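Q: Take this structure, written in structure tokens, and hold onto it; I'll ask about it next.
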Amino acid sequence: MNQILLSDFGTPMERVERALSALRDGRGVMVLDDENRENEGDMIFAAEKMTVEQMALTIRHGSGIVCLCITEARRQQLDLPMMVSNNTSHYGTAFTVTIEAAEGVTTGVSAQDRLTTVRAAIADDAKPGDLHRPGHVFPLRARPGGVLARRGHTEATIDLVSLAGFRPAGVLCELTNDDGTMARAPQVMAFARQHEMPVVTIEDLVAYRQAREPQEQAD
């Protein structure tokens with residue numbers, strides 16, 4: 001069903017390329033997972049390009065759980081413990097402890113404050129003391145191998161921003177409807193059209209990587 005709805009956004013390969021182009025232009029992307037998985041759409045942005053206005057949009061239309069997707073190397077650089085030692089969540093979502101910038105924020109809740117926290121966490125020279133714990137930004141550790149290892153929004157975010165040429169760090173938040181329910185594919189696509197965002201699925205990204213990477217290794 002989703003593939004029929006998605007045809008307006010191009011072929012699977014076109015959808016990935018349009019998503020990468022949007023990220024390079026500083027725009028957001030809507031990422032859908034499988035209908036048989038969470039069946040949710042997440043707004044994602046390249047962390048280093050995200051604006052206050054985009055963070056405000058994310059907070060206004062999202063679940064309120066603004067996540068910063070990072071690699072294991074970045075988690076270690078920041079000395080962020082995992083939220084739990086025994087992860088029993090259904091999809092193994094890898095939350096670390098929450099964070100707040102140590103400098104330049106007030107309560108940490110505003111769009112500006114959350115973006116300040118994101119920027120503190122992704123700085124090249126970021127160190128553990130640059131962040132307070134807990135806070136209002138939720139880091140997520142991506143699994144090595146990206147969507148080829150785990151078909152989650154976290155891994156899709158890292159793959160997309162990396163393929164777009166940015167450092168491997170991205171912001172995501174689940175899109176919700178006005179009544180507080182989770183947005184499904186039709187609502188995600190309507191939101192994407194309204195805000196001029198491309199739509200891509202995790203399945204698209206898996207196919208894109210599988211098609212490209214053997215060729216790159218052969219070259």
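Glycine too: its Cβ is placed from the backbone N, Cα and C atoms.
Per Swiss-Prot, the feature D-ribulose 5-phosphate binding site maps to Arg37, Glu38, Asp42, Arg150, Arg151, Gly152, His153, Thr154, Glu174. Sequence annotations record features per position, and here Swiss-Prot assigns Mg(2+) 2 binding site to Glu38, His153 based on sequence analysis. For Glu38, the entry in Swiss-Prot reads Mg(2+) 1 binding site. Residues or ranges marked as site 'Essential for catalytic activity' in Swiss-Prot: His136, Glu174.
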Q: Taking just the CA atoms, what is the gap between Asp42 (D-ribulose 5-phosphate binding site) and His136 (site 'Essential for catalytic activity') in Å?
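A: That separation, Cα to Cα, works out to 18 Å.
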Q: Tell me, how many other CB atoms lie within 10 A of the CB of Glu174 (D-ribulose 5-phosphate binding site), whichever protein chain they belong to?
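A: Taking all protein chains shown, Glu174 (D-ribulose 5-phosphate binding site) has 20 Cβ neighbours within 10 Å.
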Q: Just to be sure I understand the packing, how many Cβ atoms besides its own are within 10 Å of the Cβ of His136 (site 'Essential for catalytic activity')?
A: 20
Q: For His136 (site 'Essential for catalytic activity'), which DSSP three-state class applies?
A: strand
Q: Let me check the 10 A CB neighbour count of Arg151 (D-ribulose 5-phosphate binding site). How many other CB atoms are there?
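A: Cβ-Cβ neighbours of Arg151 (D-ribulose 5-phosphate binding site) within 10 Å number 18.
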Q: Tell me, by DSSP, whether Glu174 (D-ribulose 5-phosphate binding site) is helix, strand or coil?
A: strand
Q: How big is the gap, in Å, between the Cα of His136 (site 'Essential for catalytic activity') and that of Arg151 (D-ribulose 5-phosphate binding site), rounded to a whole number?
A: 26
Q: Helix, strand or coil at Arg151 (D-ribulose 5-phosphate binding site), per DSSP?
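A: The three-state answer is coil.
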